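What TrEMBL says about this one:
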DOMAIN    13-325  domain 'Glycoside hydrolase 35 catalytic'
ACT_SITE  Glu161  active site, proton donor
ACT_SITE  Glu235  active site, nucleophile
DOMAIN    353-454  domain 'Beta-galactosidase 1-like first all-beta'
DOMAIN    488-535  domain 'Beta-galactosidase galactose-binding'
Amino acid sequence: MSRRVGLSANSSQFTLEGETFRILGGSIHYFRVPRAYWRDRLMKMKACGINTLTTYVPWSLHQPERGVFHFQTELDLEAYINLAAEVGLWVILRPGPYICSELDLGGLPSWLLRDGSMRLRTTHPGFAEAVNTFFDKLIPKVVPLQFKKGGPIIAVQLENEYGSFAMDNTYMPFIKEALQSRGINELLLTSDNHEGLKEGGVTGVIRTVNLQKLNQGDIKYLNAIQPNSPMMVMEYWTGWFDAWGDLHHVLAQEDMVSAVREILRRGMSINLYMFHGGTNFGFMSGALTNPIYKALITSYDYDAPLSESGEYTPKYHLLRDLFSQYHNLHQTYPFKSPTPVNMENLPVNSGNGQSYGYTLYETIITSGGSLKSGDNVRDRALVFVDRHYIGIFKHQNLELAVPDGKEKRTLSLLVENCGRVHYGKALDKQRKGLVGDILLNNTPLRDFTIYSLDMKTSFIDRLAPWMSLPHVPSFPGFFLGRMFTYGYPSDTFVKLPGWGKGVVFINGLNLGRHWYIGPQQTLYLPGPFLNSGVNQVIVFEEQEADYKITFEETPDLGMAVDIQ
């Protein structure tokens, strides 16, 4: 994907680098989750079908005293955002300075109150100066992580629900300028409840709404004050927080999924607040004052889809089933090119191209006829028309017949790098993928959408959402199973007697290729690669499968022949 335009809001739908994009967001706050669990929580959110992480930035924790800043260990925001990118999530950053979030003083540092004349959330000189000092430390850390610079941050939110406070009409423009002057150049957002929508907006900034019960009036009002723009629920409250002495608040799972389904049906984007609440460790929890003072509890479980301890809930499973209807090719991000681009020159992996695995090339055709590859497929390509398999290109097969048809159809070539030559005088000619034109009726095909399927651990982690095996599965595809081992796992050998050709992954590690033609019939699986308990087994299969895998005590390297 090129990185010139980013997330745009110039029509009724968001676009990301020119392609229609629906934000399916979820909030997980790094400061409420132990760092050792960050990956687990983000991967679970990704597996549910979420494509965007949203997180607040708590000023009070990052600057507990004037001149003292903490951005390490549990507060390493840069590491958290980079981890989100590694897992395959975009990021909407909500840096405040006020964030609410049921934190003590809404995330503002208490030392601000030492100034007897202080007016928080205004352009009062004492507050504005403190904001500038904090942003001078914070913003340079996240500027390189923006989308247009190769990072995952696609949007940044100004403040939080300022329309419900609205004590200074110069304050929000001040915050906008404070962000942009320090290098923030991605799409800017505000977020307000219904009552704050009118007063919380800023010129040139997209407004979003916060709610739990979907009210037709909320949607109409947002559309009225911001016509011909994308509609987004920035906070759909999946539950609620609790105060000491109250009962635990819950939102019925049926009510939650019904509201989310309706939001999506209307073509809107959404962010689930919270997807995983976590814990208000220490003294970070805030308090209510209306109608009476009530301090908030330590737990921030929020009745969210993932519980406080990160366990799946019924809400999670309902959302996963719902979101599965709103996804394209395995959450990979396409690259468009007028002509084929070989693996090594794809704009992926921080400008280093794709080394291994598969690359999918797709283009539109309006006729059938003779499809010729010349010597431009390296090394092997499965060919499809509208997802229907029509044949294979390899070194010995250079022409295929495309079925007749004048309507627009998608021609797909799934190209595998089977391995670069390791010896001899052809080392300079080892580029992989499509290395030249593919001809349909002797005319070069143009305008490709290209997907990098590199099969790295980070790629496997991004596969989501998983669905139950259909009665007639389609190929190629990824198939997930689980294996339970007792005690200390020992070495074993994986055998796939009813499968065709593909790749095996154990707990996210690429074990290697399998291919029925042999000679090798088993894959060596070292004991240290296995967990004591549950192990994840994923098989990428190109052509056929009986969905059964055996684990053998001895290897099967095939029929032997004497070395001559």
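Glycine is treated like the rest: Cβ placed from N, Cα and C.
Per-class residue totals from DSSP over the domain 'Beta-galactosidase galactose-binding' (488-535), listed helix then strand then coil: 3 helix, 24 strand, 21 coil. Across the domain 'Beta-galactosidase 1-like first all-beta' (353-454), the DSSP tally of helix, strand and coil residues reads 3 helix, 52 strand, 47 coil.
On the 0 to 100 pLDDT scale, the domain 'Beta-galactosidase 1-like first all-beta' (353-454) averages 94 in this prediction. In this structure, the CA atom of the residue listed as 'active site, nucleophile' is 11 Å away from the CA atom of Glu161 (active site, proton donor).
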